[in-house]
Amino acid sequence: MIYNFGAGPSVLPKEVLKKVQEELLDFEKSGMSVMEISHRSKSFQEVIDEAQNNLRDLMSIPQNYKILFLQGGASTQFSMIPMNLALGKKAYYAISGAFGKKAYDEAVKLSQTLDFEAISLGSTQSEYYNHLLKIDTSKVDEKMAAYLHITTNNTIEGTTIFPENLPEVNSVPLIADMSSNILAVDYDVSKFGLIYAGAQKNLGIAGLTIVIIREDLLNQKESLSSMMDYRILAQNGSMYNTPPTFAIYLAGLVFKWVKEQGGVKKLEAINHQKARMLYDLIDQSDFYQSPVLNKVERSICNVVFTSPSKELDALFVQKAEEKGFKSIKGHRSVGGMRASIYNAFPIEGVLELVKFMKKFEEENK
């Protein structure tokens, strides 16, 4: 049995893969694959409309928010966000992980040629991002602030800002990179001005990014490139140009699957259960260690851990691969191991990993 612990691209629901397989050569008796039908066709319009409606239902997205299905990875949003929202203002960033730093660095780069200021509220990089930044919102100039940017789940480092710990920002739009825990943790969308997420973790496959943006934040100036302008993309229903049709179709199937599982709250409870099995073992062991300083900040999507040495880490990864546990090696920047147990990851796989970890500890103490 193969278990895919990859951080993204990652495991997909078996039911979704079977549906794709079933429809691959003949989508809804059209005689064509979904990869072949026109994005301007009635059939595909129904696909994107249904996907949008199901995502709105799953996340209880208010009607004054637009849902965009965009090309490229979430990293493209590191540029699009300040270009659309920050001109003439101050853009604030709270940095608790590598991807948060990338977002800030991109804003700094853009601020050298565009009229806005990129400001860091602090970073935990010097502590290897082993805890979340304590965000001091008193440093935010509310009159001049375009937004405060956070990352809700740090995929590499294994930390999460859970809903109860979101910063209080008053009138300042809160922007979240939710790439690795969207639909895995239940957030109140109305607390955010903009949410974005690459699809290849909890939503589907690479090549698609979903943006959820409050209508009042849509750019009103004509100065932006059309492909980088949220307003134009929203006005055209995510089809200003040819969208990533297959990725949207597949995301739509994932949304249906999430609904069939009972919705986001139900899956979040299961995700807590899966993560707890691993964290309980780690906490009770003298052999394994979690690098995350505060237990309440531990991710339920990306469980990061180490053994007593780099040599044992390498042996663990090797033996795990032989056992059928794929892509469990930690990110190259931090080492160790990382078990990414997103929505589609089966609880049986976690139970098997726990057994393996216990046996590995016994054999290598």
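Using N, Cα and C of the backbone, Cβ positions are placed for all residues, glycine too.
When the candidates ASP49, ASP177, ASP280, ASP283 are compared with the pyridoxal 5'-phosphate site entry in Swiss-Prot, which names ALA74, SER75, PHE99, THR155, GLN200, ASN241, THR242, the shared residue is ASP177.
It is 13 Å from the Cα atom of ASP177 (pyridoxal 5'-phosphate binding site) to that of LYS201 (N6-(pyridoxal phosphate)lysine). Long-range neighbours of THR155 (pyridoxal 5'-phosphate binding site) (same chain, six or more residues apart, CB within less than 8 Å of its CB): ALA7, GLY8, GLY97, PHE99, SER179, SER180, LYS201, SER299, CYS301, ASN302, HIS331, SER340. A distance of 10 Å separates the Cα atom of ASN241 (pyridoxal 5'-phosphate binding site) from that of ARG40 (L-glutamate binding site). Cα of ARG40 (L-glutamate binding site) to Cα of THR242 (pyridoxal 5'-phosphate binding site): a distance of 9 Å.
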